[in-house]
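> First, the structure itself, so that you have it in front of you.
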Amino acid sequence: MFDIKAIRDDAGAFDAGLAKRGLAPQAARLIEIDERRRAIITSLQELQQRRNDASKQIGQAKAKKDDALAQSLMEEVASIKSAIQEGEEKERAANAEIEAALASIPNIPFDDVPVGPDESANVIRHSHGKAREMNFAPKEHFDLGEALGLMDFEAAAKMSGARFTVLKGQLARLERAIGNFMVDLHTTEFGYEEVAPPLMVRDDAMFGTAQLPKFEDDQFATFKGLARDDQEKYWLIPTAEVPLTNLVRESILSEEELPKRFTAYTACFRAEAGSAGRDTRGMIRQHQFSKVELVSITTPEKSREEHERMLSCAEEVLKRLDLHYRVMTLSTGDMGFASRKTYDIEVWLPGQNAFREISSCSVCGDFQARRMNARYRPKGEKNTRFVHTLNGSGLAVGRALVAVMENYQQADGSITVPTALQPYMGGQEVIAVHG
């Protein structure tokens with residue numbers, strides 16, 4: 001969400017920012033809508049002043065026992081009140097129009113974000129490690145999992161349809177171990193506060209982080225009973241970014257409280273609209289998946305620094321697991337709706353012979369904070385400012401499981417457990433067919 005005053009003050013810069021995303025100019029349209037709104041507000045204020053003046057005159061007329069004038073003024077006040085009610089309705093409609101228009105526009109990229117139409121314009125920032133040498137043809141995770149008898153897509157399809165997985169035995173334990181390892185790392189070494197948030201949220205929470213209204217088709221909604229009453233409607237969270245960021249919704253924090261850093265290990269739910277035909281086998285693109293999320297709330301002066309810190313925290317997970325990865329700076333055409341700059345971490349999957357995204361770390365500026373009305377009061381100042389919000393995967397747990405399986409597979413189909421995860425597996429070193 002944007003400040004319409006800032007758009008009025010520098011319409012050219014606003015449109016130039018949108019142009020980097022390949023979008024047409026919007027400032028003139030927004031300013032026109034706002035001018036209509038401001039004219040309605042001015043007219044309403046004039047009516048309210050007329051009503052107040054006439055009301056005073058009624059008292060004066062009655063004091064002079066001028067009943068005819070008092071009656072005339074009361075009729076005028078009644079007429080003005082009717083006009084005020086109509087004006088208030090117009091004001092509500094005008095406010096809704098400008099808010100809807102502003103809410104439909106994505107965030108403005110930072111100047112150092114590469115400009116391009118899509119992922120082809122993404123830039124490799126750096127890479128870490130090397131791909132493991134294997135003297136056999138590596139398998140993909142779903143072939144490994146099914147051969148172990150610990151990954152059951154058929155059973156999942158019978159009960160839930162496509163894009164679901166049943167994990168069993170030691171693979172289920174390994175996934176849990178990965179998530180617990182991540183949370184422990186982020187809380188004990190990096191200072192994140194663990195949160196166990198709701199997995200169902202209302203419209204306002206989804207609007208606050210900008211999943212709504214633009215990405216409604218990508219979400220799962222649920223209702224109480226069969227009523228389908230919007231008053232009883234909830235959204236299954238597509239990411240713990242939603243509840244974690246909304247922890248500061250409609251709050252005024254002190255500067256001393258910042259930064260706030262939250263982490264959560266949750267299930268996430270996505271409809272994957274528009275993903276037909278992509279990654280139909282395996283765990284890469286699921287309707288339900290587990291993820292460890294990182295969220296930071298900070299000041300405008302510190303948000304760019306916090307972005308780099310968040311990236312390093314996410315990277316450290318892969319370093320501890322000794323996995324080859326690279327970091328991409330996303331182009332303006334590939335970054336998310338609410339982001340001003342995004343880094344993607346892509347892990348190497350030998351079974352696919354490709355890098356695949358396992359984390360996305362974004363700095364959003366005050367874009368989400370304006371939608372949530374999340375503010376802080378700088379030290380020694382009376383006025384408040386909007387906080388800056390950041391979010392990142394730390395990491396996607398299911399994809400981390402895929403990466404461990406494919407990178408630690410052996411020629412006989414067994415999986416070596418990474419050293420960092422062995423304490424979470426009761427010391428187990430290998431997952432084999434009878435493991």
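Placement of Cβ uses the backbone N, Cα and C atoms for every residue, glycine included.
Small disclaimer: the values here were computed from a predicted structure and weren't measured.
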> According to Swiss-Prot, T239, A240, E241, S393 bind L-serine; which one of E189, E293, E346 is listed for that same site?
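Matched candidate out of E189, E293, E346, per Swiss-Prot for L-serine with T239, A240, E241, S393: E293.
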> Based on DSSP, name the secondary structure state of E241 (L-serine binding site): helix, strand or coil.
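E241 (L-serine binding site) sits in a helix per DSSP.
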> Fewest other C-beta atoms within 10 angstroms of its own C-beta: which of the binding-site residues A240, A271, I358 fits that?
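With the binding-site residues A240, A271, I358, fewest surrounding Cβ atoms within 10 Å: A271.
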> Restricting to the record's ATP-binding residues (R270, A271, E272, E357, I358, S359, S360), give me the longest CA-CA distance in Å as a whole number.
19
> Looking at L-serine and its recorded binding residues T239, A240, E241, E293, S393, figure out the farthest C-alpha pair and report it in angstrom, whole number.
9
